[in-house]
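A.B. asks: TrEMBL feature annotations, pasted as is:
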- 109-208: coiled coil (COILED)
- 54-96: domain 'Stomatal closure-related actin-binding protein actin-binding' (DOMAIN)
- 100-267: domain 'Stomatal closure-related actin-binding protein coiled-coil' (DOMAIN)
- 280-377: domain 'Stomatal closure-related actin-binding protein Ig' (DOMAIN)
- 380-487: domain 'Stomatal closure-related actin-binding protein PH' (DOMAIN)
Amino acid sequence: MTRVTRDFGDTMQRDAVPPVSADVIFPSSRFPHYKIGANNQIVEVKEDSTALTMKEVVARETAQLLEQQKRLSVRDLASKFEKGLAAAAKLSDEARLKDAASLEKHVLLKKLRDALEDLRGRVAGKNKDDVEEAIAMVEALAVQLSQREGELIQEKTEVKKLATFLKQASEDAKKLVEEERAYARAEIENARAAVQRVEEALQEYERMSGTSGKQDMEELMKEVQEARRIKMLHQPSKVMDMEHELQALRVQLAEKSKYSVQLQKELARKMGEETVSQLYELDGTEALGSFLQIQPCSLAAPELSECSIQWFRLACEGGKKEPISGATKPVYAPEPFDVGRVLQAEITYGDQTTSVTTASAIDPAAGLGNYVEALVRRHDIEFNVVVVQMNGTDHTSESIHVLHIGRMRMKLHKGKTSVAKEYYSASMQLCGVRGGGNAAAQAAFWQVKTGLSFVLAFETERERNAAIMLARRFAYDCNIMLAGPDDRAALGS
């Protein structure tokens, strides 16, 4: 028999178990305990049977996270996902360490098995049986280690999936936080806009309240003035008696003027002045606020519809004629620019031309100057008008508009809607309508600017003439000569 000495045992141990590198990392501070179970399988002894595996711990944490997801706020949810992502990274690092330890275990087991195989060839008898039993235990331990590696690989895959899920969940949480933040900002902006609208509404209400109060005060003043007027009518005074007398005198003067013109025409006919000019005559009062109409006074007179007509202004009888642009109708209503001038109309039929002339210069309207001066002292000067034409096209609507004449500009509006608004300029024109029927004395032509013009009908002839005089006066203060088309003379109030 071979005798095994102490020195040989020490040599065997040194040859069978080579030194291990100091860089090897073990998952625990001690080697695990094993025992031989049924069928000679090596079983690892677990000290604490209640300890959970890594897979169970991850599953439990994931379940708890999913249960708490509905109860958490957006910020807490993002924080939880960040913590879960950090835990997954930690688990991944631990799995990587376990892979390194598993690799070291395989190396150790291989070296141990090689040493035992070498030892089995050197010993015999009972020692050889012990070596073979140790080899069997090493092989069984290698098999269990391979199984354990498989489980670790599966756990590693699940950990990677969990890390990917947690990363995606973290990104979703971040997106949700950004969306909630954007929604909150939008809500804040909407709230600010709502507050601004409320402030604007309050300001508008205050402004409207002030305006309505002012209007109420003006209406009250008008009512007081009307009440005073009614009282004065019931209790006549000397001033009112004088006003009535002046009005009666104005009517009589107009009748006398018209009768004088008729007498002059009859006298001319009786004196035997048989000329072409006797074919027509002018009918109407030769004063501002009326209209003149060409009437045939002979059976030999051609129809006016077959003739061409042109009206002229003359500084005096027989003076230089200035054509009135656009005045080519049988009817012409004098405007403030015609006061103090003689009007003449030429009627052309074929080769024959005849003319009719006013007996004297156009007279001003009685009381119009005082009325204009009273309007100048007012703050707001407005007239109710109806738009008859717009840019040469008939206006179908007959709704009431308001023409505001200011010191710097003119404005036409309907309610709160502004139709036209323009400062006094060289392109603006304003004059009476040059033609039309018996309503021509109440209509005015207003060119706001190039490409925009209106024909406006006023309530009375007095308001039409007052509006023209006021606008020309304010325009003259702005160094603008406001006149009709092709009018060249300087204007005054």
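Glycine is no exception: its Cβ is also placed from the backbone N, Cα and C atoms.
Heads up, TrEMBL stuff is auto-annotated, nobody curated it.
Fair warning: this is a prediction, and the values are worked out from it, not measured in the lab.
Describe each of these features in terms of where it is and what it packs against.
C.D. replies: Mean model confidence of the coiled coil (109-208) amounts to 79 (pLDDT, 0 to 100 scale).
When the domain 'Stomatal closure-related actin-binding protein Ig' (280-377) is classified with DSSP, helix, strand and coil residues number 15 helix, 39 strand, 44 coil.
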A.B. asks: Mind tallying the domain 'Stomatal closure-related actin-binding protein PH' (380-487) by DSSP state, helix then strand then coil?
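C.D. replies: When I sort the residues of the domain 'Stomatal closure-related actin-binding protein PH' (380-487) into the three classes, I find 20 helix, 48 strand, 40 coil.
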